[in-house]
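What follows is a set of notes on a single structure, which appears directly below.
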Amino acid sequence: MSSPNSHANSPSDEEEKAELLLIQKKKEEREERARREAEQRKAEEEAEAAAEARLAEIRRKKEEKKKREAEEKKKKEELEKRKAEEAKAAEAAKKAAENAKKENERKKAEEESKAAEAAKRAAEENRKKIEMERRMETAALVRAQIEKKKKEQQLNSVSNRFISSLQLLSSIIAGQRNLDGMVGQKRKRVAVVVPSGDPEGGDLNPGDDDDYVELDTDDDEDPEVPPTSPPKQSRCSRCILKAFKCELVGPGSASCKGCRKAKVRCSLVPDDYPRRSKRVKMESPVASTSSRTIEDLRTNIRDLNTRINLQEEMLRYLILRVRKLEEEKKEEEEEEEESEEDRVKRTGDRKGKGRKE
């Protein structure tokens with residue numbers, strides 16, 4: 001006998017149920033697998049995030065370490081640099097102290113050597129002075145007599161030279177007066193004309209035939225003389241270099257003989273010294289001859305003036321020499337009188353001592 005539920009538990013129902021269970025089981029497995037995958041993915045993401053965080057932390061620590069090492073290195077370099085500067089300053093101070101010490105020692109040694117040399121020189125001078133005084137005392141009488149005779153001879157010689165110089169000076173003055181009379185006579189005044197080729201305005205070749213002259217019959221006017229005279233120097237620069245005898249050609253010239261030959265302006269003449277003006281060309285051999293004659297007279301007068309100046313200097317020197325000789329003679333006579341008095345006193349003292357003994 002079958003039960004009333006036997007029809008419900010048929011094989012088809014069981015298969016359907018099994019299929020449902022299988023579907024449900026697969027669904028659960030799929031969900032479980034999806035859940036596990038999600039959890040695994042989440043775990044992997046968390047692990048990846050943690051790894052990235054650890055990597056960032058490692059990099060941060062590495063950067064901090066690198067920065068700290070750089071700062072330490074910089075501090076170390078600054079410390080070494082400061083130590084080097086301090087050592088350098090200490091070395092410089094040490095060298096300066098050594099140099100100052102050496103300089104002081106050198107100065108001290110120099111001062112000591114100078115003092116020793118001065119003492120030695122003073123002792124030597126004192127010894128020489130004592131020896132010289134002794135010699136002078138021993139030879140005083142003989143030298144006094146010799147000097148007396150020599151001074152008398154010199155005085156006579158100087159007096160003779162003085163008289164001869166006075167005679168020569170008087171003759172020179174007389175000759176100059178004669179020449180002044182000749183130059184002061186009535187004559188035509190001649191002015192030398194300069195060719196147009198002279199850039200400086202001076203006479204290039206005095207006495208040549210290519211010079212031109214201008215005649216002026218005014219007897220009241222004096223020959224042209226510049227208002228200012230050249231400075232009194234010994235020689236111009238050209239004559240100094242060439243070892244020439246520097247001498248201005250005349251009171252109206254703007255160059256010396258050496259510079260005139262070289263056709264250059266003489267450095268002995270200042271720039272503001274007036275130059276000769278160029279005149280109208282007039283050929284006149286007579287005037288040229290007269291110009292040369294007057295130029296010769298002027299040259300002679302200038303030479304006479306030079307000789308007179310030299311003679312005056314010589315006379316002044318001779319007068320001073322005579323005065324000096326007279327003063328020396330007076331001093332020697334006074335010294336001789338004093339030495340005579342001293343000798344008489346010493347002789348009297350020796351005689352008095354002899355009488356007492």
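Keep in mind that glycine also has a Cβ here, set from the backbone N, Cα and C atoms.
Pulled from TrEMBL:
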COMPBIAS  1-11  compositional bias 'Polar residues'
REGION    1-131  region 'Disordered'
COMPBIAS  25-44  compositional bias 'Basic and acidic residues'
COMPBIAS  54-131  compositional bias 'Basic and acidic residues'
REGION    194-234  region 'Disordered'
COMPBIAS  206-224  compositional bias 'Acidic residues'
REGION    327-357  region 'Disordered'
COMPBIAS  329-341  compositional bias 'Acidic residues'
COMPBIAS  342-357  compositional bias 'Basic and acidic residues'
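Cβ atoms under 8 Å from those of the compositional bias 'Basic and acidic residues' (25-44) belong to no residue of the same chain, restricted to positions at least 6 beyond its ends.
When DSSP labels each residue, the compositional bias 'Acidic residues' (329-341) comes out as 13 helix, 0 strand, 0 coil, counted as helix, strand and coil in that order. Secondary structure counts, DSSP: the region 'Disordered' (1-131) has 121 helix, 0 strand, 10 coil.
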